[in-house]
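Colleague: According to TrEMBL, the protein carries these features:
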type	residues	note
ACT_SITE	Arg168	active site
ACT_SITE	Ser239	active site, proton donor
ACT_SITE	Glu334	active site
DOMAIN	19-192	domain 'FAD-binding PCMH-type'
Amino acid sequence: MHRMKMYEHYSLKALNTFGVAVQARYFCSLRTLGGLKSVMLWRREHPELPVLFLGGGSNMLFIADFPGLVVQVGLEERRLLAEDKDFVYVRAGAGENWHEFVRWTIAQGYAGLENLSLIPGTVGAAPLQNIGAYGVELKDHFYELDALDWRTAELRKFSLEDCAFAYRDSHFKSVEPGRWLIAAVTFRLPKQASWKTNYAGVSEQLAGKTLDARTISAAIISLRQSKLPDPAVIGNAGSFFKNPLVSAAKFAALKANYPNCPGWVQGDQVKLSAGWLIDQGGWKGKRVGDAGTYEQHALVLVNHGQASGAEIWQFAQRIMAAVQEQFGVSLEPEPNLIGG
Ligand SMILES: Cc1cc2nc3c(=O)[nH]c(=O)nc-3n(C[C@H](O)[C@H](O)[C@H](O)COP(=O)(O)OP(=O)(O)OC[C@H]3O[C@@H](n4cnc5c(N)ncnc54)[C@H](O)[C@@H]3O)c2cc1C
């Protein structure tokens, strides 16, 4: 059996995009499913310890050291699985870098994932919060995934329905967090592409251009680079809060006081802009110690250098309290809060 190298008191500073200096009590890196057997044997001897699956660490805020085992999922694989008249089916291992995978699909001539270009992280974590950007969500092109039950080592397939995808949410995030290790994801990409370019900013970037997946991807990359801080330069996890959903009556009441308040109807609810709400309190570019908001985008919390996860979380809670007080709206963090 493949023996897994187990590290103790392992620094996670370089493995989370906030760049907070925390440690894992135990740490291992999983490169093959074969290696999993040895991790599960080890785990049987330490049943009391919590386990955390780690991809690129771009959607987590570590509030404290992690007292258990961190398993970095590095399973790599990319291939065309099948095709029919209308679709190609491509499969990617959980450890594949998301953006590299998107680039690969485009290079193969497959369309569908171009609007999701440049989202940091891994393929395996992408279903957790049903990643989305510029009018497209992972669920729009998802076919199925393979996941391993961490308690029994059973390998199971999850269909689109099983995953219960919703806005920045899934079965794996809110119903059974930590139970399933996602090993590989299969996408169903259309042979006849239909582009989604009517999103603010995207249509302007593409005006006058002939549309194809490569061109749209380039426009999305340039938009993202102009708006979002690069975690390699300044620690962050992208948008820190979800856009809140409120009732139509609540939205009408907000509009009466704040005529410019943006909102998008979603069924019988209205989605507000978390960024707009935060901006109204003058939070853009604010800073307490090394924790702050990005100067171009109040929705993005940043670590200017030495902030701890607890300090960033305290800062986030101040924003949440201010928005609650001014608008009576609750903000919910988007990244996974670990520890504390
Ligand atoms: C600059 C920036 C921009 C961003 N923009 C967007 C955006 O536009 N849209 C968007 O949706 N998100 C965005 N994000 C958030 C982030 O990129 C995504 O959530 C991404 O999918 C996280 O991937 P990861 O591998 O880094 O996950 P991690 O942070 O490593 O993990 C996230 C969660 O998934 C779990 N997990 C990880 N791997 C597995 C696995 N194999 N099996 C089971 N559970 C697993 C972890 O335990 C954790 O709960 C952005 C982040 C940054 C830093």
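Cβ atoms here come from the backbone N, Cα and C positions, even for glycine.
Unlike curated entries, TrEMBL annotations are predicted automatically.
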Colleague: What are the sequence-distant neighbours of Glu334 (active site), meaning same chain, six or more residues apart, C-beta distance under 8 angstroms?
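Modeller: Sequence-distant Cβ neighbours: Asn59, Gln129, Arg168, Ala237, Gly238, Ser239, Phe240, Phe241, Lys242.
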Colleague: Can you tell me how many other Cβ atoms are located within 10 Å of the Cβ belonging to Ser239 (active site, proton donor)?
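Modeller: A count of 20.
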